[in-house]
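Everything on this sheet refers to the single structure shown next.
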Amino acid sequence: VIIINCGWVWVDSDIGVPIGARVKVTPSGQRLLVDDDGKEQSLSKEQEASLRIMHPTSVEGVEDMIKLGDMNEAGLLRNLLLRHKQGLIYTYTGSVLVAVNPYQDFPMYSSDQVKLYQGRKLGELPPHIFAIAESCYFNMRRHHNNQCCIISGESGAGKTESTKLILQYLAAVSGELSEQQIEQQLLESNPILEAFGNAKTIRNDNSSRFGKYLEIFFNKHGVIEGARVEQYLLEKSRVCHQALQERNYHIFYCMLAGITSQEKKTLSLRDAKEYRFLTKGDCILCEGRDDVKDYGRIRSAMKILTFSDSQCEEILQLLAAILHLGNVSFEATTQNNLETSDVSKSEHFSMAALLLKVQKSSLAKSLTHRSFMTNKERITKPLSPEQASDCRDAFVKAIYDKLFIWIVGKINSVIYKKLTNTPKSSYLSIGLLDIFGFENFHTNSFEQLCINFANEKLQQFFVRHIFKLEQEEYLKEDIVWNNIKFSDNQNILDLLAGKTCNLLALIDEESHFPKGSDVTLLNKMNQQHSGNKNYLASRSEHDTDFGICHFAGVVYYNSKGFLEKNRDAVSFDIIKTVDMSTNKLLRQIFENELSNNPVKMANNKRVMITPKSSLRAQTNNRKQVPTLSGQFRQSLDSLMKALSVCQPFFIRCFKPNNDKQSEVFDRELCMRQLRYSGMMDTIRIRKLGYPIRHTFVEFLRRYRVLLKTTVCDPRTETAAACCEAICKTVIKGEDEWKLGRTKIFLKDAHDAVLEQAREQELSRVAVVIQRVMLGYKDRCSFKEDLHHKNINNEKESKQKREAIVLLQACTKGLLARRAAVKRRNDVSAESLNPGNNTSTSVDTSELDSEIIAPALASATSSLSLEEEDDEFDDDGDEFSFYKFSTLHFQGNATHTHITQRLQHSLLPHDDEGDALACLTVWWIILRFMGDIPEPKSVAVSEVSSNSSRHLPQRQGRRLSHLVGLDEVNFFKKKNKKKLGGNRRASAIPEEPENVTEDGDIMIGEGPMLDRPMSSLEKLHIITGYALSRQDIRDEIYCQICKQLVNNRNRSSRMQGWTLLSICLGIFPPTDLFMKCLENFVRRGPDGYGAYCTEKLRRVIANGQRKELPCWIELQVKTLDSNAPVTLTDGRTLSLNLDSSSTSAEVCQAVADKIDLKDTYGFSLYIGFNDKIWSLGSCGKHVLDVVSQCEQEMRRQGQEEKKAPWRLFIRKELFKPWHDCSVDPVSTHLIYRQIITGIKLGEYTSEKEDDYVQLAARHYYIQFGSAYNKESVQRVVEECIATPLIESKSMTKWMQLISSEVLQGPYVNGRQSAESVKGELVDSIQQKWPHYFSRFYEVTMTAGPPLSKSRFVVAVNWSGILFMDEREKRLLELSYLEIKDVHIVSHVSVQSVSLVTLQEEFVLKAREAAEMAALIETNLEGLRQRSVYALVQQDANDPRFLICKQGDLLLVEKDGPYSPEENLITATNQRTSSTGSIYKDTVQYLPTLTRPTEEVLVELLSRLKTVTCFIKETVAPVSLKEFAQENFRAPGNVGRQGAFKGVGKEKLWACSKEPLKQPLLKSLVRNSDLSYLACNLLPILKYMGDYPIKNIRSPVELTDQIFGPATQHKALQDEIYCQIMRQMTSNNNRLSMERGWQLMWLCSGLFPPSSNLMRHTRHFLESRPRDPLAAVCLQKLQEMCSKEPRMFPPHVVEVDAIQQNSTQIFHKVHFPNDTDDIFEVTSTTTIKDLCCSIASQLKLSFADGYGLYLKTPNKVMSLDEQKYFFDSLRQTSDFPKKAKRVKEGNANMPYLVIFKRKLWFNMTPGKDQVADLIFHFPQELPKYLRGYHNCTKEDLIILGGLLFRVKVDSDRSQFVMIPRMLRELVPTDQIKIMSSEEWKKHIISSYNKQSGITVQEAKTAFLKAISSWPTFGCTFFEVKQTYESSYPNRVLIAISKNGVSLIDPATKEVLVMHLFKNIMEYHSHGSFFQMTIRTPLRGNSFVCETSQVRNLLLQVNVFKSKYFLQRKPLHIVA
């Protein structure tokens, strides 16, 4: 009866565990048992006694098995069975997850599931692997501890899939916070590792044949920063052997199925069934796997992980070589009575050798022979066919194993790259362990032993963590606990690797013996461990098996092959063969083996590492090769060590059956897994134990919010008592928690309970706080609104009253005037007196009424802004702001004040970045003026107060970039230690960029700006945008003016006018808004109107500022501010400074105040801390430098207003003709500067006497000639630097100076103090010119070699000095040596060309123009004042002064001739005769003193070189000097040495004999390059020095000459040397002419090395008579700063130089069927040519256009970064020879087309040239092909426009419309109407558009279609079968936002992929593939098109432009 009532019972079964059954009663009363399998049996009374009632929890099943009432094996098993039947594959055991493999796909891993489990506690939702992943992630962030997830189970239980799911979850959660691609790269590593490391086995279709530990590193925000993969023990034997119904590794089948036919042909591959290595398991296909699709996924993943195309090709080559080697057979032969073998002849062997890039003979010998090293020699032994096969297999396994290791390393180099230089402790990590499961096959070998050993280690880790450590913790904390018994596998580990003579130690030991075999090994193991119950010895002597009782069951291992596999060695012969290979990847993967010494490797070939537990200890120190088991044990030990420091989570994977069948549950198999996994014991300890534990302090800190202070006050009670009180409140029930000595212990489920209670309490408290604060805020707001409402009501009432009074007055006046007029008409002239009085009265009232408004306006303007009552308004005159707004504002924008955010900019902007920036500026302006409140403070620690990082980028990131070098301190570095202080200019580093990919967030409006900011920060953002984006300046002024019009908030108006006044001092408006702004500010409030007008005038006059406003500009309320300027004599002047003040204005103001006449060389300086910089006396804005100083203060964490800047005037430069007597004021200031500078150590001298003489002069100036000891001491204190006094003593200095004073020239006191001042200044000027120099930082881009290319140029009165940062003088030039100086303009920065008597220097500098002007001024001034001239030509006329060329003349400046005459009087210094001579026959020398004879000789030689080209003055230079050090020794010299050989054979001189060895000795040892170098016979053939049998075109010869050098850089110097060799001592004129042609071509391809460059320059410079020498020199200089060419010269270049033309023109075609020719050079890039074309066509913008190459077969887009001629060579076949070089390639079979490529910022009608040439002819074909989705009305309107374009105004063509429909209407739309209907509608549309021209019709067409979303798209018609929901043929449309897929039939957009979501894209043959980012994994799309190259390039260009447009703007001040 009880059983019937219960229903469910336990019944015994044949599997040894009871199963569930239900009692069923039939209508007849018979009782039956129906078990879980549905089987019925009658219930006898005997059976009834054995039945046990089932607990209710076991009837329905539970999610957490701890809750089971039947705590036994039967209960666990039935619970898993029930959930498996329901499709519930996950079950908890506390925090341990049990996952049963369903062998089918479940829709439970979507992004929605990720969001569902994100942030949820374990147990809140049904069991799921995502819950474990979330717990790992949450605990890592909460406790800041590393986590690990250990996934274990048998092979086929689902470990790999579980690992991938956890990885996908972590990547999805991290990806929400991340801006990187690391998450996707991490996910994409899975397909690669699975392809190369997984295979189909009988137990698992995707079995991992290697172990993997993936450690994922997170930053403190929980974002993945990187990861690292560790791999363990790849199963190499699978490459050669597979069991039945098993496959080789997936990659082989994927490769054969997925590669193109061309690749198959290249690799000579066929189907998989053709290869032995793939058919040994008799299983080619694997159900459920699509090898073709998998291959595409693998290639896509490789692209994302930055595998290059060449690397992918090399991998395929190695895989193909493995397959070919597998088909190689060996034939048995006999040689010298020894059994040998040979490789059977087959194409497979030849192909394998070709792919491995080794000689066939070498490979064959290494496979069929083995060499051994004896004591004296190496002996080679032939191998039998079986041994040769084993050797082949060993080689193949080694290749695959090392290739796999290399691939893992490559993946790590990408995903771990960011963390390479960062300690691991800086990041938190989660480790995922996916290691091979426990294996027990029919035949188990050494691999299975290692795999099962690893599983034993993991089981022990599980046991230790779950049982041992936990129970030890209970004992330690005095928790009352009854220890639970559990199954411990430690004794098995002792057998395998723990105790002495363990199995692995024995295997290693036996591996060391040369005669050790598998039999001797087995005997030793049987003998040593036969008594161990866990070891099962072999049954007989012939039995090769032994067994081990593992935790998961008994496994028998076949010992055959154990030792060979453990040795894991590759023979010496194989390594030697690899060393001879040229396969880059093959050598790379064998790098470790190849790096060892071959002899050492041979000697130690079989020496292995002996473990510490080995039977024999090591007795020698030889280097030993590790065994496989030794390496594996070491890796496992490191793995266990890593796991032990992490908090682990366990996932136990079960497989329900061995047949991989879904919905089949094998009870016996699952029971076995439950037992050996220890789940029963786990449930028991999880149910009874307390796995959650916290220290008292930690627990109280986290859950303090749950503590009621009335129950337990933490201020008076202990932490333990408080913890107890919290638990009593929250956790109900007894023994649910325990208090230990230092910790509190909780049940597994209570952690979630506490967290939930904590969150609820925090939410409740937060609601209370919010309620109070919101109430307070609303009350304050209500009071404020009420106050404003009362004020507004009063104001409105007052305004209404005033308006009524005014209306009444006007009305009365009007009536009175009318009455007066009427009276005047009625009254006679005699009775005028009464009428006059009335009239006067009326007129007065009229006058009053008319002037009342101006009077009010005047009164208002007389008030200050603070006193103004009425808001500023705008009138309606011609230049009013109102009229401007109606004309130019877009949308519904008005000109009056608002307080809302703008949805679009006020003015239209073509640049999207400008438009977005305008919205950000408006936001900041509203906040600056107080129209919207500041955002609340954000709790982000990284938010810096430095707003400058969000502003647009500008140049000048260093203070020294703006103001030059720290000039005063430049020469004080040597005295740094003595004088103290760091004198170097401080670098102001760049701020990091704040990048966001979220397209919905406006530029700059991220969280960094959405915070409270100071007024200065907001001002910086506004002006920063204006300085960096000039096109939005008018927008900014319009926004400010808009907010000032009708603004009723007085405070807002004040802030607005302040902002406007500051902006007016920073940047001017454009001409468009200039007059309107002038009118607007002129009407400003009192004081502001005139002030702002003046600021606008000055900013226009002095130019815009380059830096942000400074703090003092924001603080100044008056019209200008006073700044102190210090003079060198200590005086301080107060000068007015405004925003536009320049250094020149300040210097002039100082000069006016102190009456300074000689102002030259006086400059304004700014000091900051211990550094000073010169601002010169020029147009530099003073406050720009002050702003930089303030920014530097902010970087240092201090306030801007505390910036310690100061201004002062100093003498910076002397004129070469400086005269101290001209201006005493100037001399006095210089004198005081010198005295102060010497005292401070700014001016130093190596000579002590210089200080003494200067001090003596200073004594005389100050105290006269009378001697006084105290005065001398005072002079020492004023003149001598303190360190010098300390080093020599005060007394010594006084003695020296006293002696000079008493004996010097001033003792008699005859000279005045002023004259001595002049002498002092003159002496300093002469002795120390470098202290009075202007410095420029330069980079030398051309010129003679110096020790450095970057240095400082100092320009002073004496000349020009090149010096490095350590004051080392590199070169010194006087002005006499300067021939010319001029500016060389480049794209980005200017350079100065400095031509001297001997060389030319090209110096790139930021202030190149200033430097050139200063040098030119000094040169011209010296020539004007010079009395020395050089005769240019001989003069023999006796009437004049007779002289020869080069004579030096002394000219009489005050001669008898007037300046207008062309004669001067001079004295010939050679003949001493005086006479007249023509001015134009002499050259004035820039010197005031007579030049030396050496200089005259140099001048004369250069003069003769310039004027006479009759004979070379220098012999042509050869390569002799270079050859002595770099050329090889000649072949016929023997051992005499290279030098004698060179002298004898003259390798540098012309020879008609072909070279047998290269010239350069560096190439001799490289056989490949040596062969290519000696194959340069075409040089002799081209130059005509060698007979040609067959006629070769010049292009063929140049290809043979330069082709190898473009591919091998080492050959480039060889080419130069061979060309110059043939041009040395060559008397054949034709040969020399062609040699110069080769040199011209070569100098445009690549430069020589730095070692050869100097000699090449001298070679060319020494041949000035050859016209191409200078051209080649110029080309060499250009190539030095550019990348070398990739291909040999194009036919156009060769034809040009053969026709003696160095100028090349190429024809370019345009879309409107026109063309033009443009000049190109050897180094013209596609981008250069595009800019040139755009400039010549006068296009508004050059950006967005590109070049295309059209051939008879296709049209290709050219990469703008590549050279033009390289692109032609790369993308087209060689065309025929062009007949006319200057007309380009008209006859060549290709066209170069220039057209629009990118449709960014394109507005029809703005650029008419672009519309007519490009936009219309490019968009019309897209329209007619039917790519756009348009309405019938659109078709009719556009048809009318296109008809007008075709016929203009010729109405007679109406009849032709039906025939023209294909030119007027899209092809697919013609059928929607009949021809006559089309004709009718088109004529109607045409008539409506009458009066417009053809050009206007084209523009109208563009405007009409520009609103369509597909306008400007590039379309590609493709085929696809990848996505079943899409049609087979789709349109790909690439626009500025992304890539759209369009249904060509409906024109509907199927999907739009934004560029930010496109992770990777690539092409393969004719296929294009792109991977789209999704929350969990990347989705791929594959299509096929013949235009795949253009598609790839177009996506690349658009995507690059997309991210460039959306890059956040920032300024670093």
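For all residues, glycine too, the Cβ spot is worked out from N, Cα and C.
TrEMBL: automatically predicted annotations, no manual curation.
Quantities reported herein were computed from a predicted structural model and do not represent experimental measurements.
TrEMBL lists Gly153, Glu154, Ser155, Gly156, Ala157, Gly158, Lys159, Thr160 with the feature ATP binding site. Counting Cβ atoms from all protein chains shown, Ala157 (ATP binding site) has 24 others lying within 10 Å of its own Cβ.
Residues or ranges marked as region 'Actin-binding' in TrEMBL: 636-658. Averaged across the region 'Actin-binding' (636-658), pLDDT in this predicted model comes to 86.
Among the features that TrEMBL reports, compositional bias 'Polar residues' is placed at 828-844.
Per TrEMBL, domain 'MyTH4' is recorded for 897-1118 (among others).
According to TrEMBL, the compositional bias 'Acidic residues' annotation covers 990-1000.
The annotation domain 'FERM' is assigned in TrEMBL to 1121-1426 (among others).
Taken from TrEMBL, the feature domain 'MyTH4' covers 1550-1698 (among others). Note on the domain 'MyTH4' (1550-1698): DSSP counts are 95 helix, 1 strand, 53 coil.
Residues or ranges marked as domain 'FERM' in TrEMBL: 1704-2013 (among others).
Counting only same-chain residues six or more apart in sequence, the Cβ atoms lying under 8 angstroms from the Cβ of Gly153 (ATP binding site) belong to Ala99, Lys159, Gly437, Phe438, Arg652, Cys653, Phe654, Lys655, Gln673. Each of the binding-site residues Ser155, Thr160 was ranked by the number of other C-beta atoms within 10 Å, and first place falls to Thr160. The Cβ centroid of Gly153, Glu154, Ser155, Gly156, Ala157, Gly158, Lys159, Thr160 marks the ATP site; residues of that chain outside this set whose Cβ lies within 8 Å of it are Asn101, Asn204, Ser207, Gly437, Cys653, Lys655, given in sequence order. Mapped onto DSSP classes, the region 'Actin-binding' (636-658) shows 9 helix, 8 strand, 6 coil. Taking the Cβ of Gly158 (ATP binding site) as centre and 10 Å as the limit, one finds 25 other Cβ atoms among all the protein chains shown. Other Cβ atoms within 10 Å of the Cβ of Lys159 (ATP binding site) number 28 in total over all chains.
Around Glu154 (ATP binding site), the same-chain residues six or more apart in sequence whose CB sits under 8 Å from its CB are Arg203, Gly437, Phe438, Glu439, Ala552, Cys653, Lys655, Gln673, listed in sequence order.
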